[in-house]
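See below for the structure under consideration.
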Amino acid sequence: MLGLSLREVSAALKQGQVSPMELCQKCLSLIKETKFLNAYITVEEERALKQAEESEKRYEKGQALGILDGIPIAVKDNFSTAGIETTCASNMLKGYIPPYNATVVQKLLDQGAVLLGKTNLDEFAMGSGSTDGIFGPVRNPWSYSKQYREKKKQSHHRADEDSDWLITGGSSGGSAAAVSAFTCFAALGSDTGGSTRNPAALCGLVGLKPTYGLISRYGLIPLVNSMDVPGILTRCVEDAAIVLGILAGHDPKDSTTAQDPVGPFTLPILRDVGKLCIGIPKEYSAPGLSSEVQAFWSKAADLFASKGAKVVEVSLPHTSYSIVCYHVLCTAEVASNMARFDGLEYGHRCNVNVSTEAMYAATRREGFNDVVRGRILSGNFFLLKENYDDYFVKAQKVRRLIANDFVKVFNSGVDVLLTPTTLSNAVPYLEFIKEDNRTRSARDDIFTQSVNMAGLPAVNVPMALSSQGLPIGLQLIGRAFSDQQLLTVAKWFEEQVQFPVIQLQELMDSCQTFSQHKKLASVSLKR
Amino acid sequence: MWRRTLRAALRAGLSPGTTGAVAEARAARVGSSRFAGSDSGKAEGPSPGGRVSAELIEHLERLALVDFRNREGVARLQAAIEFAGQLRAVDTDGVVPMESVLEDRCLYLRADDVVEDSCVEALLQNSQWTVEEYFVAPPGNITLPKQSEQDPVTES
């Protein structure tokens, strides 16, 4: 039941095969059993059950609000949720309870969706592993999958369960783990430089970064205003399109949402790819790309070609500067954005009361981790009067060159670009933390951030399992505001590759050892 | 003294994982309030580029109102600057800076009408310290003391 697609579970609810309450309780007990994944920061059990109860009444009356009515979802903990703590995984916002809902959250609730809780992330979404938040790292459910465990045994690795677990990628790793472990049917992430697509690739999910301006950012705690977009994490392309259809559209509270009419986002079945032109950017054969990902990327290109699509090599000449440009623009906007956290109006406040400035400084010292402080300081450096033109304005110019590269390629007749999403499959946590956050982000965002700078839609589609038994995903990039066309191609691709479903029997077994003593709690929940 | 340890940290590849660097970071934290102060001399910075001077560190900390905390923090800035320096190689003559991808569209402006009721109470509830309808701030006319003089932050 928990593995169904949105359309399937919605049908099951309508036909009464399952009730919203049952569904909600199932998800809540699975969340408890998989607590060690650390996917959720806050679980709103009572609130969720109440929402499910209301949904149940609507179904009884035959007045369901929409396709999501009664369906459990999760939201990354950097979206404001009225009455629910919103922390950004930072000491700075610990205990902060927003008085309002982000527009995207409100839209989901208006459809009757049941909000289970808030998911884990890197502090203020700055990271590519979901390892750098105050609530600790998120574990990739694939660490406990049959597929991975069996390969591991074959290669005579000692299955050391407590230290061998893999990262989810990030920064929306909690949302990815939540969807991947079947604890919810869809989740919201955010995507500034790849934070939705990266964990989607490592957790075997569909991760959509919509066109900038298509979805409201109101209530999403900003990281880089000119690049942030809410992201969607689901188990199939169709589900992502359904959620996009609900979220898309102009919001009077976000002046950067486009006013043009949007949608519909229902996906036609693409039978013939003969008219499609797929571009393969040659610069994406970057150093560090694993031979396995490279091989699957070629295989995917061959697949399109063998079914009649035109596959052409294209050039995005400024690609190698993209990550550097992103680094400067990101830190500069972060420096400006993070100025709001001063301890006065909300969030953490220190005990120093010598002067306002001393209070600000001490509050921020206590509230931000090294990564956030590092980006603030770098950003302030790039924004200094004497550096402004050399770094910030220079980066803005390079940004235009990068955006123009995409425009040229799409004007040459390419419909969709096909690239890797990540350099390799998920790596073990212990390996990942050997390097510092900036180095990791510069490496892990390599294929994803240029899309944010150009504002384009992009989606990760899981393709196959690596020799280690772990997901490898590819990225499809479309023209601005052509999200529907992009998803249509993604759906075709998804059907061709038939990515295997995660087999979590082993996870459930580990759950039992992990949480045998917690059984009472989940029994009482089933009531 | 701190310059030497910073070099050591740089040589260690800035890896916070190595025990040496961690020990140094700990040692650094003890003296962090003064590491940018006059006793460290006119630091030339950790690299031949020499951008990160003691004055710069102090200036950035006062602007950002966050501190570097330790030598690793300074090394992190140095690495970030060096990384960003690669942009110089790009020819951007005649290129107009791009601020937003929606630059070709009209920006939507709301009418200046009240559409929501007063939310004063709801907003005040998130503050740690309020009196009536006011947020309470400490005295505002005192600038942050120079780190070389005194640092109330680290004393707290």
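Every residue gets a Cβ built from N, Cα and C, even glycine.
Taken from TrEMBL, the feature domain 'Amidase' applies to A:25-145 (among others).
Among the features that TrEMBL reports, active site, charge relay system is placed at A:LYS76 (among others). DSSP assigns A:LYS76 (active site, charge relay system) to a strand. Around A:LYS76 (active site, charge relay system), taking its Cβ as the centre, 32 other Cβ atoms fall within 10 Å, counting all chains.
Under the heading domain 'Amidase', TrEMBL lists A:167-487 (among others).
If you look up TrEMBL, you'll see A:SER171 (among others) marked as active site, charge relay system. Sequence-distant contacts (6 or more apart, same chain, Cβ under 8 Å) of A:SER171 (active site, charge relay system) comprise A:LEU121, A:ASP122, A:ALA125, A:MET126, A:GLY127, A:SER128, A:SER130, A:GLY189, A:SER190, A:SER195, A:PRO199.
Every protein chain shown contributes to the tally, and the Cβ of A:SER195 (active site, acyl-ester intermediate) ends up with 38 other Cβ atoms within 10 Å. Here TrEMBL flags A:SER195 as active site, acyl-ester intermediate.
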*Work out, from DSSP, the number of helix, strand and coil residues along the domain 'Amidase' (A:25-145).*
47 helix, 19 strand, 55 coil
